[in-house]
Amino acid sequence: MGLFRGFVFLLVLCLLHQSNTSFIKLNNNGFEDIVIVIDPSVPEDEKIIEQIEDMVTTASTYLFEATEKRFFFKNVSILIPENWKENPQYKRPKHENHKHADVIVAPPTLPGRDEPYTKQFTECGEKGEYIHFTPDLLLGKKQNEYGPPGKLFVHEWAHLRWGVFDEYNEDQPFYRAKSKKIEATRCSAGISGRNRVYKCQGGSCLSRACRIDSTTKLYGKDCQFFPDKVQTEKASIMFMQSIDSVVEFCNEKTHNQEAPSLQNIKCNFRSTWEVISNSEDFKNTIPMVTPPPPPVFSLLKISQRIVCLVLDKSGSMGGKDRLNRMNQAAKHFLLQTVENGSWVGMVHFDSTATIVNKLIQIKSSDERNTLMAGLPTYPLGGTSICSGIKYAFQVIGELHSQLDGSEVLLLTDGEDNTASSCIDEVKQSGAIVHFIALGRAADEAVIEMSKITGGSHFYVSDEAQNNGLIDAFGALTSGNTDLSQKSLQLESKGLTLNSNAWMNDTVIIDSTVGKDTFFLITWNSLPPSISLWDPSGTIMENFTVDATSKMAYLSIPGTAKVGTWAYNLQAKANPETLTITVTSRAANSSVPPITVNAKMNKDVNSFPSPMIVYAEILQGYVPVLGANVTAFIESQNGHTEVLELLDNGAGADSFKNDGVYSRYFTAYTENGRYSLKVRAHGGANTARLKLRPPLNRAAYIPGWVVNGEIEANPPRPEIDEDTQTTLEDFSRTASGGAFVVSQVPSLPLPDQYPPSQITDLDATVHEDKIILTWTAPGDNFDVGKVQRYIIRISASILDLRDSFDDALQVNTTDLSPKEANSKESFAFKPENISEENATHIFIAIKSIDKSNLTSKVSNIAQVTLFIPQANPDDIDPTPTPTPTPTPDKSHNSGVNISTLVLSVIGSVVIVNFILSTTI
């Protein structure tokens, strides 16, 4: 992802804050530059293209009406796999690739579960990552279960573009309303239907009334909500867009604040329409007075990769070993990273530019060696970036009349006052510019080039032991190559050693990789002693030593052995800087490798605004849980901040166990560029695959009520959501690019960061006490320890949300906060209870740090005290077992709630729900 600073291009860049790879623009009410990518694993079927066009066209009209004539789809690019046959209609893509996909058409995440979903791991109101549709869904084979694809696309689009959430909750499909009835979680509450148990076996089906679980006092897990086929209710698209009458989003009038929907949980009980109407899209448009035109489609077919290296050999590259380090990284790129079949050329530049290699198609090591021989050897002259770029365009143009989709890989360590003069040419070229900035002085204008062309931007310091240059080049794999063909980094580390010390460690090669495994060693002064053993203890020899470039490398033939590889490197100079990089490719094209993708939530930021680090670990589209994930954030002065990333659903992490590991970053040390690198390690019996459907998936409709009878849809394949597959040991590293921070004051930084919001507050009951549990926040967001907690209760959700300080306070004298990310528990006993038929108690927490900074109000936990009113026959005799929580005896406090009306007649049953507020 390209980065930028607002010096030369302040007016252009001031709105481009978020680290989002999408190119979608809103222009005169129409969404432009939407990219829909068909995954290479999808078998060729031209009907898929036809159905995509039909889906978007239908969706455009539906979206236009649903948004009060504000938005429609203007133009869409469909990216077709390279392995599909040629067609005269297909053009070569420009910046469109998998990295910039807004919609991905791919096989289901889990076999047989064609569930559409939107990948979201940020807060309410923030854009999602991408939409995932399956081929069968687009081909209309799942219409009964999910509704027409056009309406479904609008449902998912609202996730993607406006950051709203579903108005149902499969984890809490029912709730007890204030009316004392059990209701299906939905919006609006006016959607009618029946709650039934419907099971089929053999050729017969049985329908019966739902039974109440004696523990939860809600319907059992086998109960489902079957909507009436004929409805009059118009809302909501984020509940069941498949209902014919539904044409609107829930608004303030129709929104159901009682339901434990994900929209309520994540969006502070605001309606979906309220979130949408507060978006920049909404604020910057007015309703149209005429119907919109139909969408325009571009059919683009992936073709062979074309890349030209544009390398700085100016005089400044002679300092700090920069030229040699660039050559080491470029050789690694040419030897290992760039894929077979790619076309590669090379240009050098200083005050002028020189074509060194015209495009060569890589078929074997011969072409790779030819290109390596052309790397620069002597630094001299000034810096003319535009000369280098123009010569790269010339190299590409000699073989291809159009530059569309070709890549320019530009490395420079200097500024060029004339670089901005070729920005328009770059923008119009159709080429992609990747920029590696080496050192503090690298040019700002080129950052803008990478941004507008869809390229990547990396910052690399002069601290060789951080291995930043090799990491940056290694991250520049093709954006459109099948994942099985991509080079994956298993290890990247370095040390500066004294007294001829050793650098010893291990590298794990798991069974998902092993093909084209490549070990690279670099040094600063003298070749080290190198020893490498495979998992069986066999020593690996025959390293190729390149004394000129101060590197040695070894390619493992065939598929490398699975297991732990050990290495010993002994420095022969004092001091000495050594690095090791290990890369590999998928062992089997039919088994997706484990991957790590890292990013920041923003590309540009200003103090004191916090940033968030994200690292997503997947095997295919299935999340990997239980990994140890560490982020390394390096500033321009070489200082590295180390953060443990967590997938615990607390602090910066939006969803627990979704394979996205997150953490706040606030340890700014200076103004300027920072780089991100992530290391992930999964140990045996700790890392595992979570075999559960993806989050934020569209609601599956089990069937319809037609003329009073249930017409069932085919049942979904059953998956035990607690099923997990334990993974073997694995290791991965990944570069997350660069970001820019400004307005950082002199150190030490003032304390401006409150504790992070508690988002996982839970309430249960033990005997006569209410037990609260949550994840501890820190003194500064999720670091350190808070000073104290304030717990308040109310009979009204909105009172806690809007007037927390006026609600009744619980005595927390005995509550001693723990370190951030620890589990907290606290028990209190409600007293002086008055009697009514049924009452809800809502509970929320604020945290206060040592500087008296206060967190946002937590999510709101709800307990309900009531007398069961169901007939004894409706009580399920075999309720779902739930563990009895044990209260923390040190955290036991009474609370006088005489002003709060609770209900108790006879025996009291307390049931918990979890709601949320994000103020």
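Any Cβ shown, glycine's included, is placed from N, Cα and C.
Here is what Swiss-Prot records for this protein:
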- 1-21: signal peptide (SIGNAL)
- 45-199: region 'Metalloprotease domain' (REGION)
- Asn75: N-linked glycosylation site (CARBOHYD)
- His155, His159, Asp166: Zn(2+) binding site (BINDING)
- Glu156: active site (ACT_SITE)
- 306-476: domain 'VWFA' (DOMAIN)
- Asn340: N-linked glycosylation site (CARBOHYD)
- Asn504: N-linked glycosylation site (CARBOHYD)
- Asn542: N-linked glycosylation site (CARBOHYD)
- Asn588: N-linked glycosylation site (CARBOHYD)
- Asn628: N-linked glycosylation site (CARBOHYD)
- Asn811: N-linked glycosylation site (CARBOHYD)
- Asn832: N-linked glycosylation site (CARBOHYD)
- Asn837: N-linked glycosylation site (CARBOHYD)
- Asn852: N-linked glycosylation site (CARBOHYD)
- 870-893: region 'Disordered' (REGION)
- 895-915: transmembrane segment (TRANSMEM)
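The structure, with features from Swiss-Prot marked on it.
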residue	record	Cβ within 10 Å
Asn75	N-linked glycosylation site	16
His155	Zn(2+) binding site	29
Glu156	active site	23
His159	Zn(2+) binding site	24
Asn340	N-linked glycosylation site	13
Asn504	N-linked glycosylation site	11
Asn542	N-linked glycosylation site	6
Asn588	N-linked glycosylation site	14
Asn628	N-linked glycosylation site	15
Asn811	N-linked glycosylation site	12
Inter-residue C-alpha distance, Glu156 (active site) and Asn588 (N-linked glycosylation site) (nearest angstrom):
33
What does DSSP say about Asn588 (N-linked glycosylation site): helix, strand or coil?
coil
Have a look at the binding-site residues His155, His159, Asp166 and say which one has the shortest Cα distance to Asn542 (N-linked glycosylation site).
His159
CA-CA, which of the glycosylation sites Asn588, Asn628, Asn852 lies nearest His159 (Zn(2+) binding site)?
Asn628
Return the member of Asp166, Asn340, Asn628, Asn852 nearest to Asn504 (N-linked glycosylation site) in space, with distance defined Cα to Cα and candidates limited to these recorded positions.
Asn628
If you count other Cβ atoms within 10 Å of each one's Cβ, which of the recorded positions Asp166, Asn852 has the most?
Asp166
Given the recorded positions His155, Asn340, Asn588, which one's Cα is the least distant from that of Asn852 (N-linked glycosylation site)?
His155
Cβ-based neighbourhood (8 Å from the centroid) of the Zn(2+) site, residues His155, His159, Asp166 excluded:
Thr118, Glu156, Ala158, Val164, Phe165, Ile237, Met238, Asn696, Ala698
Considering Cα atoms only, can you say which of Asn75, Asp166, Asn340, Asn628 is the nearest neighbour of Asn588 (N-linked glycosylation site) among these recorded positions?
Asn340
Asp166 (Zn(2+) binding site) and Asn811 (N-linked glycosylation site), Cα-Cα, nearest whole angstrom:
36
Using DSSP with the three-state reduction, classify Asn75 (N-linked glycosylation site) as helix, strand or coil.
strand
Look up Asn340 (N-linked glycosylation site) in the DSSP assignment and reduce it to helix, strand or coil.
coil
